[in-house]
C-alpha cells in the first residue's frame, strides 16, 4: 500500500466535504430526525420539504432506528455530548421527562398554537413550566383483524381477550385444515423492548389491573387481575401465536399480518394505511376495533403512544427549527398526515373533518379510545422510567417464554421495583 | 573493557531511538485507550448520570456493593450481571472452540496444493470482511421464523416440520449467536493457522513419510506441537474479541437477558438507564474479568508473547 496515495486521497476527500458544507450557506439548513416505521420517513420528508420551499431554508431528514429503545439510546448519546447535528427531534410521549432539559421552551415560538392540541398531551410535554415538545401525532394500540376470515367462519370482532383467543384458535384451526398452514391466530410485539411494555400494560389495564406504578409512585403491579391478564397472554405462545413473536417488534408483526398469515394483530394506527394500500395482499379485508376488554368487568383500553417534536438546545438555529416544528404540528399538516398515513392528529377538530373521516373511517368510532388511552408510568417514575419499563418487559417476557408463572414473575417484579425505588424514584 | 563500554554506549543509543520511535504510538494509546479506561474506573466510584455528566458525587464502592436497610445492592450482587458473565464465558468457550476446530480443518485443506487455491483463500475471507453489523442484520433476516430462508430450506428438505424461532426461543437464541459468530470468524482463525502451517519445515514431513507414519499421527505428533505457539496467539486474539462481544448479540436478540453479554449489560445500564456510575462499575468489572481470564490462559498455555514462535 502506498501511503502517500492514501494520504493524498483522504486530503482530497476532506476538501470536497468542506466545500460541500460551505455551499449550503444560502438560507438556513435545519436537520430533523424522523421515525421510519412503514412510510413514516417519506411522509415526514414531504412535510419538511414543503416547509423548506415556503421559507427558503433547506432541511435534512435523518432516519433513526425503528426500535424506540434504540432511538432513545441514540438521542441520549447525541444530546449528552451537546451535538448540534440534529435540530429537531421526534420524541416519544414518555421521553419529555428524560430528555426535557436538552430542549428549548417552545411556548413563545408557537403563537398560541399549542392551545388547539389535546390538553393532556400538552401537559405531558410541559416539564417544570416549560413546553419542551409539541404534540405531532398520538397513538393507541388497536386490534386489527381479517374481516374476510372472520366473516367466512361466522365470527364477530371479539370484545374480550378470552373471546379473541377462542376466535383466533377456531379460525386458525379451520383454515389450517383447509391447507392454509402458514396461518397464525394472533401476532403482537413480544420482543423484550418498550413495545412489550405497551402490550403488557394493555392486557393488565383491560383487566383493571392498574398501570404498574400508580400516580403516587407506589408499585401496584402484583394484583390478581394483572396475574390473570399475564397468565392468559402466556397461553398464546405456540397456540395462537408463533414462538417467533417473542422477538417481534411492530414491523415484524405487520410483516406477518400483511402477508396474510395472521387473523389478529395488535399494532398502532399507522398500519391501517399500509395494510389497505393497493399493493397489500390483504387490502380491503382489514378491520380494526379497540383492543378487547379483560372479561365482562374489564374495559377497552390502549397504551398511549404518540410522538412529539422538540428543538435541541444545542441547535445553531433554534428559531428556524422552532418554525419547522410549528409548521409540522399545524392543523393543515396534521390533516395531510392523517389522510395520507393515518397518523392520529392531536387536534380535536380534525376528528370531525369529513375529508379525514373519509380516508380513515375508524378515527370517528375510536375517538374515545384515543382520548382515554392508558399512560405508561413515566410521570411518577421520572428518570427511572426506563429501568421500570425494562423490569416490566422482562417479567412479561419471562411469562411469555414460560420461564416463570405469572404469579412468580409479578411477585419478583414487585420486589425489584420496590428495591429500585428504595430512596424514592 | 573498552569494547564492552562501547557496545553499551551503542545499546543505549539504540534504546533511546527505540523509545523515540515508540513515543507517538504510546501517546496515541494513552489518549485513546488509557484515558477512557481511567475515566471509566473513576466514574465507577460516582453516581453520575447521562442526563447531566458534570454534576456527580463520590459514593465509594456503592455501585459495586452496598448494604442498605437490611439488603445488599450493587453489581456484584445483581443476578442479571452474573447471568451476563455466564453467557459471555459460555459463548466464548463454545464459539472459540468451534472456530478452532473448523479453522484448523479449513487451514489444513487450503495448505494442500491444488489449482485455484489462491482464489479460494481469498473467497473464504468474505465473511470476515463484511462488517459485523451488516452480517448480523443479514442473519437476523435469514433466521426469521416466518419468512427466513433458513427455515424454508430446513422445512423443504424435511428436517423440521414447524418453523423454528431461532433468535426468539431461549433454547436456541444463544446457539444462533454462536452459529453466526462461527460463520464470521472461522476464516480469521483459518488464516492465522494457515500462516503458521506455511512456516513449517518440510524435512520433518519427509522423514515421517520415509518412516511410513500414519498421517493422523503426524498431525498430532508433528504439526500440532509445531504450530502450538501460533495457535495460542490465535486463541487469545479470538477469546479477547469474544469476551467483549456486543454487536452480534445486540442486533440478533436486543437486550434480552437470556443472551445478554457483559458488554450488553454494561451498555444497557450506561445508556438505556442513564446510570453512568453503575454502568462504569460494570465496565470496570468486565475489564478485570477479561484481564484475569487472559492471564490465566497465558499461564496455563505457557505462552510467552515476547518470544518468537518457533
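Cβ atoms here come from the backbone N, Cα and C positions, even for glycine.
Feature annotation (TrEMBL): of B:67-88, B:89-110, the stretch labelled transmembrane segment is B:89-110. Taking Cβ pairs closer than 8 Å, the transmembrane segment (B:173-197) reaches residues 87, 90-91, 94-95, 98-100, 102-104, 106-108, 110-111, 121, 124-128, 130, 132, 135-136, 139, 143, 166-167, 223, 226-227, 230-231, 233-234, 237-238, 241-242, 245, 248-249, 252-253, 256, 258-259, 309 in its own chain, all 6 or more past its ends. Remote same-chain residues near the transmembrane segment (B:122-142) are listed as 106, 110, 148-150, 167, 176, 180, 183-188, 190-191, 247-248, 251-252 (criterion: CB distance under 8 Å, separation of at least six residues from the stretch ends).
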